[in-house]
């Protein structure tokens, strides 16, 4: 047996329009804890999906050598069969079933064709001991905290005789104690011979437990650092995660002095009754007139939750404290309708999921949020509607043969422009853009930045939530950085650097030069 | 980019390929018309011309009426991705309530609005459960089906069938528009209305085409457009000619026409209509666009139950009595009409005008089979089979277009 349990060679994975992985080489030694880090979109999760067979053999190029043999996984079942298990951020447990049912779900303990439940419980208890979880295996999953569920997931993996355990941001949803407990468990598993790959955004943890750290950036391996012998600093990791110059893809804007504060969020504290967690803690932010404010942070930092809770609170969170002040007036925004009335518009990060009505055409989607403006008596004026849609099509350059084009048939960039057109038509005073350039090509990105510049020059305020650091740095007058539901920093546009933002987003205490 | 390569105005495209594209795009709609024509010819041949006789067509219209209004309401519900299984017994129960009021000597002009109002109340109750409490519509209305079936049995328990003697009420589903004083053998008013309808159709079609041309939208080429208008005119004239040979236009047709006009107008010309399509297409997007999804859902349920009340009135009028089994199976016919008429199983798509044609398909089958004396047991099987066939066809053709 060679030293490496896994070697991925020259992995290339393309999605329509994007090369997500560009010749990635990745080696994992037997019995180590190997941390995989990188910005959002660097390709970490895609790489793990290639490994697990979610992206089956044939949809990528390159080789996977596992236990000295080339593997051609066609599904998750194939990778599990040789002892690879992946635990995702969104846990895959069934809440209404008990712990033991969940652990053996899909590989039940049977005698002949009949399940032996007693034996199942005995074995489940053993597995729980291995992950140091001291609870009754008959408990239902829904009664466990997120941290404990995570441990059940690991127990489930162990029950399948896992040799290589992959964890995708295992501590993202955990509190300090649970996180520490989990990390200790990983070290213990390592001593029992389980190799572990961990994707994490929390560099403190990475530094604490990693034997090797691999940094991915833009779908390529930047470096693999041996952390066993030499101590790697968080700053060194960050440098590798970002290290590149800002290219000139951000259009210049005539600098204007931002006006008075237009929107203010004070002491905003929000509790999510579904996950039973406080998701936003005491947020204080403000936005001036004619200003682009960026909100940076890593996945799960609570940025979208912040936007949604302000914009009429559609997910029905419990807002336990705080107030919204728009243009000097305290507002209660109970429904998106109220928010729109107050002059706020929100362009969602998920245009297909909750942004556009894909089976309808461009003009329908352009007008839907402000039909009042087109209504005379009770009748919608079709001609006016068409004219409005055509005007926006022209002014923000939506590429389509006519405004009667079904939106579902447009490219991502053009869909995003329709989404923006819809919200410009409500003539907002403040525009919240959530990941405005996600999944669209460079040309369309530039156009969207240009539109943003034009809008703030006209006196609109923009809040831009983005996971792309460069975009935040290139476009924002001011940046708030969020981490785990709190604002962890505020930087002026000119003083912000990638290192500083990343340090705050990963909560590194001292700021490097 | 996945934008289709159609030209905005097609001048040079040969008619053959345009026809081909037209059929491909509208295959579901054409299939429905072809089915209808096929059913008409089939039954007409088998019944030796009885099916297309003036008398039977009048009968068919009266018969279709109570399902058609129900199906219009159901279309809204299906567009927003819900379902209402209770409509049949709501219709039966409220029809009986109307009959009881009339039997007690209440004025018919009070009874009708009152019954419709009760329908709204029933709908608000079910809409409240679905929209505000969050009970699935399937469960809410399945329960409603039992509850109103029980109510119907209760109110007809003592008397059995309740006879309605009020002339006005009976005329709703048995009477006809009166003729002008100088009519001969043919019903002159009916013919006049037919001609008027043809003129209106031609004018509105031309106006629509012109306005689309103005915005450079894709339109049909002139020869196809003219043949379409000709075809529509011929159908309208044919129908009024047949009707004029008997007693003219039934009141039911007028009522269905009014309901159809109001709902079609509402769906395509008002904000409410937009919101209904939006909720069906993507309810989260609609909510985030400021649409009050709960209120619109409540409206749709109130509306379908009100139309169920109207359906009950039409049915009770048609039989001139309320019976303990009234409303049995209406929901299936209404849902089938909507799906045959092209409402998408995934919601967000559907037109009430097509739903009416769907209702005509279903009721032609029933009517034809009745004429031929087919046993009711077979009729159920045939209706069920047509229903599932229509939905399967819908799923298949839509799947291809995506």
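Every residue gets a Cβ built from N, Cα and C, even glycine.
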Labelled transmembrane segment by TrEMBL, one stretch among B:154-172, B:249-267, B:268-286. Can you tell me which?
B:249-267
Might you confirm whether the transmembrane segment (B:377-395) is in contact with the transmembrane segment (B:296-315), defined here as three or more C-beta pairs under 8 A between residues 6 or more apart in sequence?
no
How about the transmembrane segment (B:63-80) and the transmembrane segment (B:377-395): at least 3 CB pairs under 8 Å, pairs 6 or more apart in sequence, or not?
no
Hey, which of B:108-126, B:186-203, B:224-243, B:249-267 has the most Cβ-Cβ pairs under 8 Å against the transmembrane segment (B:133-152)?
B:108-126
Ranking B:108-126, B:186-203, B:249-267 by Cβ pairs under 8 Å to the transmembrane segment (B:224-243) puts first B:186-203
